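The feature NAD(+) binding site is assigned by Swiss-Prot to ASP33, ALA34, GLU35, TYR36, ASP37, SER82, LEU83, GLU114, ARG137, GLU174, LYS291, LYS315. Swiss-Prot lists LYS116 with the feature active site, N6-AMP-lysine intermediate. Taken from Swiss-Prot, the feature Zn(2+) binding site applies to CYS409, CYS412, CYS427, CYS433. For 595-675, the entry in Swiss-Prot reads domain 'BRCT'.
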Amino acid sequence: MNQNIQQQIDELRVTLRHHEYLYHVMDAPEIPDAEYDRLMNKLKALEAEHPELITPDSPTQRVGALPLTAFEQVRHEIPMLSLDNAFDETTYLAFDKRLRERLKNNEEITFCCELKLDGLAVSLLYENGRLVQAATRGDGTTGENITENVRTIKAIPLRLYGDNIPARIEIRGEVFMTEKGFEHLNEEARRTGGKVFANPRNAAAGSLRQLDPRITAKRPLTFFCYGVGVLEGGELPTSHYARLQQFKKWGLPVSDAIKLCTGTKAVLDFYHHVAEIRPNLGFDIDGVVIKVDDIALQEELGFVSRAPRWAIAYKFQAQEQMTVIKDVEFQVGRTGAITPVARLDPVQVAGVIVSNATLHNADEIERLGLRIGDTVVIRRAGDVIPQVVSVIEEKRPENAQEIVFPTQCPICQSDIERIEGEAVARCTGGLICAAQRKEALKHFVSRRAMDVDGMGDKIIDQLVEKEYVKTPADLFRLDEKILSGLERMGEKSAKKLLNALEKAKSTTFARFIYALGIREVGEATANGLTAHFVSLEALREANIEALKAVPDVGDIVAKHVVNFFQEEHNKNVIDQLVNDIGITWPAPVVATHEAGDNPFAGKTVVLTGSLSQLTRDEAKDRLVALGAKVSGSVSKKTDMVIAGEAAGSKLAKANELGITVIDEDEMIRLLDQSK
């Protein structure tokens, strides 16, 4: 055997274990992920060339072995007992009193307080520092051998790190999944048609009990240790807290949220603090575990049949409960999103009476297989809106009703659109829908739209709440009496606002289209549409294929435009604005400049960076006036990029694509030249 190869492999293993320790235990990585991957790939390559040098504890051996047909049973040498529970302060205080009476000690006891993780309890057996067996808790006496699966979890060291490691030690802890990992796993499952889990605990348990370790290897599992079982050929500190710190030094992850608390007040303060930070932890817990810290006192207190006397789990109120769906209603959000909401038999969840739960969208109803009358599990975590996570199908009544998603808005009866590839269905009646009214009107009068000077958000709020205005056309029918009666509006302000409304009737075609609030139609798209179609009638009659001929208009935008102009309510409001109110815009002027005089005519231009001589809006207006289309992104269709100070990725992309780039001074010169 080449001694140099063995040395390289050993050094790489030591280095990789060191960085795994820093990443998973200390949460203080020294190198970027790419460098870790490079070292790992180098080790894999050397081991592939010299398979006789592969050892079970090598960092490369986490990828997952071949599938099993069944899990072997493992008998725990020391039973993995459960904990007694406290669900209120009185029960916890009784526990503390019981301990002091048993110990014949009136002094306050010091406890090690930890998070009660909501995952799957596991046992890890290390011999001479190497992981040789992993098992589930099972019934406390017998569990399942999950060694190959656990070896794939990067947070669990295959070999302990440091000095004074016992010859044989069993570490106990919890395998769990973070909220972020859980969300990513379910997103991927929905995308690929895989199994969607109800909560992180189910996801962790299902991932850990896979017969195929290669599947487990792809799941975002992690681990915290909290105790010890078998101990042979070594010594540990006589404090539980100190033991956890020792485990951390050996490379085993330990939660940072552990604390020594002396006396009941300190313990209760810790409990309430954890309850407060619980929503921001990033993983699920269901309480606090309170353990006598002194190991000698633990041994003196001993055990009852199923639990230690020296520990208790002080549980939080449940985040999941069962209830029955009585009905489903459909709500309309301020942007027109249609959200199904389940009406429930009221039930207490996490300290709050819950009678409604979001169902998100039609896809979620289909995924759950949900019907009215079903018994369901609902979940409420932190400030998150309660949601239905699963259906208990065996409790489904014979008269359960199918949930039918509406085709018309329940508020304004406009058509509901759902574009292929989008989960959310939306009301198309943006100009008349009461649910969307405030936001639609605020957009309509905004500076880049109809530019009604003085018509602020608070005025719109009052006009809608007092039912003076329902559609954009109603704004132009307001009189001095109505306006002067609004909060903080006198006669002078009312006259000024009426003048601003009158002035706004003379606008541009692009501003008018932008003001309508068609989904996905921003300023740049409005400019492109109006430059291409020239007249309102032509744009209203355009089909999807005709719309897609406009630069930067694809399938989705084209469908939104067609759906908007096909909706009868929208047609009526547009007709009122143009025919009754008299909103007008100049007829398009055909440019007479030769190309040499006007380098912007018909060109797609992108502005990037900070401008010093003009505001971005002023520059955009002058460019559009000369026939340019101002886009927000650089692509192969871009003709010119105008780069101000601190121009970033757009400038880099323009250079990469070979697009003409000019600075602000050159833009000003060309604008002035083209007047």
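Positions of Cβ are set from backbone N, Cα and C atoms, glycine also.
All features noted in Swiss-Prot, drawn onto the structure.
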residue: GLU35; record: NAD(+) binding site; contacts (Cβ under 8 Å, 6+ apart): none
residue: ASP37; record: NAD(+) binding site; contacts (Cβ under 8 Å, 6+ apart): none
residue: LEU83; record: NAD(+) binding site; contacts (Cβ under 8 Å, 6+ apart): VAL289, ALA307, PRO308, ALA311, ILE312, ALA313
residue: LYS116; record: active site, N6-AMP-lysine intermediate; contacts (Cβ under 8 Å, 6+ apart): ILE285, ASP286, GLY287, VAL288, VAL289, ALA313, LYS315
residue: ARG137; record: NAD(+) binding site; contacts (Cβ under 8 Å, 6+ apart): MET80, LEU120, ALA121, VAL122, SER123, GLY143
residue: LYS291; record: NAD(+) binding site; contacts (Cβ under 8 Å, 6+ apart): PHE111, CYS112, CYS113, GLU114, HIS240, GLN298, TRP310, ALA311
residue: CYS409; record: Zn(2+) binding site; contacts (Cβ under 8 Å, 6+ apart): VAL332, GLY336, ILE338, ASP415, ILE416, CYS427, THR428, GLY429, CYS433, ALA435
residue: CYS412; record: Zn(2+) binding site; contacts (Cβ under 8 Å, 6+ apart): CYS427, GLY429, ILE432, CYS433, ALA434, ALA435, HIS569
Summary of DSSP states over the domain 'BRCT' (595-675), given as helix, strand and coil counts: 29 helix, 18 strand, 34 coil
Neighbour count (Cβ, 10 Å) for CYS427 (Zn(2+) binding site): 28
Helix, strand or coil at LYS116 (active site, N6-AMP-lysine intermediate) [DSSP, three-state]: strand
Protein Cβ atoms within 10 Å of CYS433 (Zn(2+) binding site), excluding its own: 23
Environment of CYS409, CYS412, CYS427, CYS433, the listed Zn(2+) site - residues of the same chain whose CB lies within 8 A of the CB centroid: VAL332, GLY336, PRO410, ILE411, GLN413, SER414, THR428, GLY429, GLY430, ILE432, ALA434, ALA435, GLN436
